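Listed in Swiss-Prot:
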type     : residues                                               : note
ACT_SITE : Glu264                                                 : active site, proton acceptor
ACT_SITE : Cys298                                                 : active site, nucleophile
BINDING  : Arg116, Asn169, Tyr170, Arg297, Cys298, Thr299, Arg451 : substrate binding site
BINDING  : Lys192, Thr195, Asp230, Glu391                         : NADP(+) binding site
BINDING  : Gly245, Gly246, Asp247, Thr248, Gly249                 : NAD(+) binding site
MOD_RES  : Ala2                                                   : N-acetylalanine
MOD_RES  : Thr4                                                   : phosphothreonine
SITE     : Asn169                                                 : site 'Transition state stabilizer'
Amino acid sequence: MAGTGLFAEILDGEVYKYYADGEWKTSSSGKSVAIMNPATRKTQYKVQACTQEEVNAVMELAKSAQKSWAKTPLWKRAELLHKAAAILKDNKAPMAESLVKEIAKPAKDSVTEVVRSGDLISYCAEEGVRILGEGKFLLSDSFPGNDRTKYCLTSKIPLGVVLAIPPFNYPVNLAVSKIAPALIAGNSLVLKPPTQGAVSCLHMVHCFHLAGFPKGLISCITGKGSEIGDFLTMHPAVNCISFTGGDTGISISKKAGMIPLQMELGGKDACIVLDDADLDLVASNIIKGGFSYSGQRCTAVKVVLVMESVADELVEKVKAKVAKLTVGPPEENSDITAVVSESSANFIEGLVMDAKEKGATFCQEYKREGNLIWPLLLDNVRPDMRIAWEEPFGPVVPVLRINSVEEGINHCNASNFGLQGCVFTKDINKAILISDAMETGTVQINSAPARGPDHFPFQGLKDSGIGSQGVTNSINLMTKVKTTVINLPTPSYSMG
C-alpha cells in the first residue's frame, strides 16, 4: 500500500511529507493540501503546504549540492540513476495504487507508467554517458584567413538548478523525463509536483532517495500554487525550467527571465482522414487516440477532419467501437474513468452543450455522473463551435467533414496550438506533403498522435510549447557549451 513498508517514512500521520536535504520533513506552516479522489470526489490524500521560506532553503541546498555533483564522474551519476530505476520498478505497486486513487488512471495503465518511467531513467543514464562523454575539437585554419594557431576544445557543462513541474496526467513519467536528464547532466533538481499526482511523485522521489543520491541534490516541494507557484518559477536560484501542463506555462515563460525553458502546453491534435484511408485502422486509432485515459492526454485525438466521401462509413465504425468501451472505476481497468476534477468535467460539459445548441449530431446520448463522463462522438461539428478549437481534455471527440485536403490542413493550421497531428492515407507521397504543410511539432502517418517512445523528439509549435523533449534533447537543453581555446605561437600542422 501507498505510504507503508519501504515508503512508511514519507508519511506523517495522514499527511505526506516533503523532501529536502536528503530527509522527509513536515512544513513549518502546519497546513496541508487535500488531494481529491476523482472517482469518489472525497479527500484521498494530504500533502504538506510548504512556505516560501522552505522554498528558499531548498534552493540554497540545491545550489550547494550541484557544485559537488558537477564534479561527480559520469559513470557514477549513471550508476545511481540505474539504481533508482531498479528500485522504482521493483516497487511499482504503491505508485500505481496512488495513480489510481489520485488521478483515476486505470490500474493496468498506472503500472505501465511506472515501469516505463524506470526504463526512461535507465535509457537516460546510458544516453547521457554517450552524449556528455564526447567533446569537440576545432582547428582555426578551417575558417578563411586563419592559420592553424588555435585549438578549440568544447564540452557540455551543467546549467545549475533545474525546476521540474510535471502535469497531473503522467505525474511519474513526466517527472522522471525531467529529473533523469537534469541529474545525468550534472544539475540539481527541484520538483514541484501537481496537486493531483503529488503522492505518486513523492513515492517516486523516495526511490531516488533510496538509491543514495547526495543530500540536497533532489528536492520535492508540495503546496498551493497560489502561495509558492510564482515564487518557485521566478526564484533567482533557478537556472532552467521544464514544465508540462496547460496555459499556465505561457505565464511562466513571460516571468522566467533569461533562462532556458522547456514547455509543453497542450494541443488540439488533428486527425486528417483521406478518402483512400484504411477506415478500420482509422477507427481503431480514433478510439485509442481519443478515448484512452478518458482523453486526458496532450496527444489525444482532439478533432477528426474526414473527407465527406468516407465520413458516414467512418463515423459508423467509430460508433460501433465506442459502444464497446467500458465505463467505471479505475480499479476495474475501465476504459473510461472519471476526469480529474469537477471543474474539468464542467468545462467539458460546456463544450458539449455549446455543440448541442449549434446543431452537432450526438452519436451517443450525453451522460455524466459527477466527474465521470461517458464517451461521446460528435458528428457534423462546424468551425463556429467551441469544440472545433478548444481542447476538451476529456472523452469527447468532434468530427468535422471536409471537402478537400487543403480544408483540413487550413483548419489544423488555424489553431493556436501546434503539438501533434496525424494523417491517414495509403499514398505516402500525399502523407509527406500533408505532414510538411501541417504546423505541428510532430505528424504521425497512419497512427494516432503519441508521445514516445521517450527518446523520440517531442515538441510543440505556437502555443503548444517552447523547446524540445525526448531524452537526448532534454540532456542537451539542460547543459550549455563551454569552450577552451589553446593559442599556439606558430602554426602547427600534423605530419607537416
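Cβ atoms are placed via backbone N, Cα and C, with glycine included.
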Item to check | For NADP(+): widest Cα to Cα gap among Lys192, Thr195, Asp230, Glu391 in Å | outcome: 25
Next on the checklist: With every protein chain in view, what's the tally of Cβ atoms within 10 Å of the Cβ of Asp230 (NADP(+) binding site), excluding that atom itself?
Outcome noted: 14
Checklist entry - Applying the rule Cβ within 8 Å of the centroid of the Cβ atoms of Arg116, Asn169, Tyr170, Arg297, Cys298, Thr299, Arg451, what extra residues of the same chain belong around the substrate site? => result Asn173, Leu174
Item to check | Least surrounded among the recorded positions, given as Thr4, Asn169, Thr248, when other CB atoms within 10 Å are counted | outcome: Thr4
Checklist entry - Listed recorded positions are Thr195, Asp247, Gly249, Cys298, Glu391; which of them have CA atoms within 10 A of the CA of Arg451 (substrate binding site)? => result Cys298
Checklist entry - Given the recorded NAD(+) site (Gly245, Gly246, Asp247, Thr248, Gly249), which additional residues of the same chain have their Cβ within 8 Å of the Cβ centre, ordered by sequence? => result Phe243, Ile250, Ser251, Ile252, Leu265, Gly266
Item to check | Per-residue Cβ crowding (10 Å cut-off), top of recorded positions Asp247, Glu264, Glu391 | outcome: Glu264
Next on the checklist: Of the residues named as substrate binders, Arg116, Asn169, Tyr170, Arg297, Cys298, Thr299, Arg451, how far apart in Å are the Cα atoms of the most distant pair?
Outcome noted: 18
Checklist entry - Among the recorded positions Ala2, Thr195, Gly245, whose Cα is within 10 A of the Cα of the residue listed as 'active site, nucleophile'? => result Gly245
Checklist outcome for this item: Cβ proximity for the residue listed as 'N-acetylalanine', under 8 A, sequence spacing 6+, ordered by residue number, returns Tyr45, Pro94, Met95, Glu97, Ser98, Lys101, Val199, His203
Checklist entry - If you draw a 10 Å sphere around the Cβ of Arg451 (substrate binding site), how many other Cβ atoms fall inside it, taking every protein chain shown into account? => result 21
Checklist outcome for this item: As a whole number of Å, the Cα atom of Asp247 (NAD(+) binding site) is distant from the Cα atom of Glu264 (active site, proton acceptor) by 9
Checklist outcome for this item: CA pair Tyr170 (substrate binding site) / Glu264 (active site, proton acceptor), Å rounded to integer, equals 13
Item to check | Neighbouring recorded positions, C-alpha within 10 angstroms of Gly246 (NAD(+) binding site) - of Arg116, Asn169, Lys192, Thr195, Glu264, Arg297 | outcome: Glu264
Next on the checklist: Using Cβ atoms only, which residues of the same chain lie under 8 Å from Gly245 (NAD(+) binding site) while being at least 6 residues apart in sequence?
Outcome noted: Ile165, Pro166, Pro167, Pro194, Glu264, Leu265, Gly266
Checklist entry - Of all the binding-site residues given, Arg116, Lys192, Arg297, which has the fewest Cβ neighbours within 10 Å once its own Cβ is left out? => result Arg116
